[in-house]
Amino acid sequence: MLIYAYRLIELGKITMQRKLGLTLATALMMFPQVVETIYSPALTDIAKGFKVSAEQAAQTLSLYFFAFAIGVVIWGRMCDLIGRRPTILSGLLLYSGASLVALFSSQFELLLVARMLSAFGAAVGSIGTQTMMRDSYQGSELARVFSVMGIALAVSPAVGMMSGAVLVYLGGYKIVFFGLSLLAVLLSGWSAIYLPETRPAAVVIMPLTSTLIMMFKDVAIWRNALLISLFNLCLLSYYQLAPFNFERLGFSSEMFGYTGLLLALGSGIGAWLNKFLLNKKWRSSNSVLLAAIILLIGGGMIMVLEATWFFILPMILIVVAYGIAIPNILASALIDYTDRLGTAGALFGLLYYLILGGGLALAGWNQRLGVVLVFCGCFILFLAVINCLILIKSEINTSITE
């Protein structure tokens, strides 16, 4: 495998300093969510196979994101130190190997370790791709690219769920882990041939400590990190908790996987609305506020309907809100850190994935999807209103100065 990795990295000599293609960027950006949601339909099978409770099986997801957060920092820093391309290839190969370890695990504790290693490797798909996109696109063009990414991010869980349901039906959780390893190998090969190196030739390696201090003092960074983590928590808590809801209602894991079709519908609606609002020159803060209202309405409906199978229908609203909000937040989150995108992106990712991991741990303990969504919706609405008020105040101050 080391020889294979070396050859993949050496192929970079013919792919230096090209603009990142949108198709490959989309595949890399989708990778972390696809591989995690492929795993979701296998949760009940894992609980039975390892003889653990639903709460214990669900915690594999929260541990996954804690390790993912650490991976974001390491890979983000490596993007600045050794380049974007070799960093992404290394992470993909690590994910493939860790999935094979999970495949042959006979103890639940070993499975947890393998899942955390997988998460560490998968993190490169998020931070590496975002860094390369910020290298390749700027301004309104970057916002539109992130809008396309928003569609991919919203659709990818649906793709993962349906694929996972089929794999669980074919051979249980073991065939799922085999499929995950194979997917990472295929994406590695594609990246080895077509992935360019986008790191600027004259990049300055900014000190990690000074960047950390700067971002720690930046209130906007904290606000955006909370918004991203809470929107993701709303989406991912469905994949974490809904399989057990389906089991209680007497439905199979395959049926849970097919609900991805409904989520794909919501993704399409969210993407269309976001594009429509961009064309209408809506401010990103207003779009996020609209998304917060939609999410809170959907969460309230799910809380009321959670004891019946109808609870899956309002999830469309959750995905619509996600598709509107995430591209707008991501496009502007690091606008003040363009001289240190890899490092700043890594620290930003660490912050919101740690928050997300903590949220998933609490959600797994609570086991009430509706409660999680309503709580997150209220918090998101509060943050979105603050964003709008800050922007209004800034405009008033600017007009007075002029």
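Quick reminder: no glycine exception, Cβ is built from N, Cα and C everywhere.
Listed in TrEMBL:
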TRANSMEM  20-39  transmembrane segment
DOMAIN    20-395  domain 'Major facilitator superfamily (MFS) profile'
TRANSMEM  59-76  transmembrane segment
TRANSMEM  88-106  transmembrane segment
TRANSMEM  112-133  transmembrane segment
TRANSMEM  145-169  transmembrane segment
TRANSMEM  175-195  transmembrane segment
TRANSMEM  220-239  transmembrane segment
TRANSMEM  255-274  transmembrane segment
TRANSMEM  286-305  transmembrane segment
TRANSMEM  311-335  transmembrane segment
TRANSMEM  347-365  transmembrane segment
TRANSMEM  371-392  transmembrane segment
Contact ranking winner - 59-76, 112-133, 255-274 against the transmembrane segment (220-239), Cβ under 8 Å: 59-76
Integer mean pLDDT for the domain 'Major facilitator superfamily (MFS) profile' (20-395): 85
Folded-back contacts onto the transmembrane segment (145-169), same chain, C-beta under 8 angstroms, at least six residues removed: 22, 25-26, 29-30, 33-42, 45, 133, 137, 175-176, 179, 235-236, 239, 253-261, 263-264, 266-268, 270-271, 274-275, 278, 319, 322-324, 326-328, 330-331
Long-range environment of the transmembrane segment (255-274) - Cβ separation under 8 angstroms, sequence gap at least 6: 37, 40-41, 147, 150-151, 154-155, 157-166, 168, 242-243, 246, 287, 312-313, 315-324, 327-328
